[in-house]
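A.B. asks: Quick one: the structure is below, and I'll ask about it shortly.
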Ligand code: 3DU
């Protein structure tokens with residue numbers, strides 16, 4: 001049984017609020033990222049707070065420790081409940097993100113293996129497994145692993161164990177189905193297949209039921 005996270009990659013406050021309101025009651029969290037925040041500013045977090053579900057900032061943080069900490073301060077200061085970071089900058093950068101998240105009462109998820117075809121160049125295989133081990137050692141709350149490669153997500157689950165969460169993108173527009181990964185993960189991340197649907201609430205409802 002997996003939660004449903006909406007990847008709200010729309011532009012502008014009006015569209016974001018429209019989709020979030022339309023999906024009310026069908027989502028377990030909303031994931032925001034650069035497309036939305038660059039078009040609205042971080043104030044969008046307060047605008048989405050009416051949804052009364054956690055807002056997770058997918059900023060795929062990838063910098064030196066000090067910069068990572070400063071980014072976390074802004075994200076959690078704006079009202080986010082969680083942040084998604086990269087791990088490839090190394091254990092000190094990752095620790096800065098995890099620690100800053102926890103200092104602000106938030107959670108930190110670590111990208112280990114990405115869902116798109118190009119992930120096979122760097123963000124997969126042994127690199128992904130090393131990053132999963134690093135995420136566990138850093139005390140991260142969870143990892144991001146691909147619904148498009150369920151066998152890889154199963155392998156990463158084996159590395160992190162059951163005490164950390166896995167959120168999994170790639171369902172819908174990227175071709176994966178909820179049934180592919182739901183037994184390995186704590187949440188599926190769905191973007192276009194919901195926010196581009198003629199009836200986003202109905203689409204979200206269907207994904208939520210299928211993820212259960
Ligand atoms: O393909 P969708 O429209 O369902 O959106 C997927 C979301 O998940 C999108 O925000 C993207 O930036 C994010 N994501 C991946 O797609 C793949 C990853 O490995 C990590 C994050």
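Including glycine, each Cβ sits where the backbone N, Cα and C put it.
Feature list, courtesy of TrEMBL:
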DOMAIN    3-207  domain 'Orotidine 5'-phosphate decarboxylase'
BINDING   9, 31, 115, 191, 192  substrate binding site
ACT_SITE  58  active site, for OMPdecase activity
ACT_SITE  60  active site, for OMPdecase activity
ACT_SITE  63  active site, for OMPdecase activity
A.B. asks: Would you count the other CB atoms within 10 A of the CB of residue 115 (substrate binding site), including those on all shown protein chains?
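C.D. replies: Residue 115 (substrate binding site): 23 neighbouring Cβ atoms within 10 Å.
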A.B. asks: Tell me which recorded positions (9, 60, 63, 115, 191) have a Cβ under 6 A from ligand 1; sequence order is fine.
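C.D. replies: Listed by sequence, the hits are 9, 115, 191.
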A.B. asks: Including all protein chains shown, what's the count of other C-beta atoms within 10 A of the C-beta of residue 63 (active site, for OMPdecase activity)?
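C.D. replies: I get 16 for this one.
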A.B. asks: Given the recorded positions 31, 60, 192, which one is most crowded in terms of C-beta atoms within 10 angstroms?
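C.D. replies: Output for this query is 31.
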A.B. asks: If you count Cβ atoms within 10 Å of each one, which of the recorded positions 9, 58 comes out on top?
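C.D. replies: The largest 10 Å Cβ neighbour count belongs to 58.
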A.B. asks: Cα distance, residue 63 (active site, for OMPdecase activity) to residue 191 (substrate binding site), nearest Å?
C.D. replies: 26
A.B. asks: Please name which of the active-site residues listed here, 58, 60, 63, is nearest in space to residue 192 (substrate binding site), Cα against Cα.
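C.D. replies: Considering only the listed active-site residues, the nearest one is 58.
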A.B. asks: What is the number of other Cβ atoms found within 10 Å of the Cβ of residue 191 (substrate binding site)?
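C.D. replies: Counting Cβ neighbours of residue 191 (substrate binding site) within 10 Å gives 22.
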A.B. asks: How many Å lie between the Cα of residue 60 (active site, for OMPdecase activity) and the Cα of residue 115 (substrate binding site)?
C.D. replies: 14
A.B. asks: At the Cα level, what's the spacing in Å between residue 63 (active site, for OMPdecase activity) and residue 31 (substrate binding site), rounded?
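C.D. replies: Distance between the two Cα atoms comes out at 21 Å.
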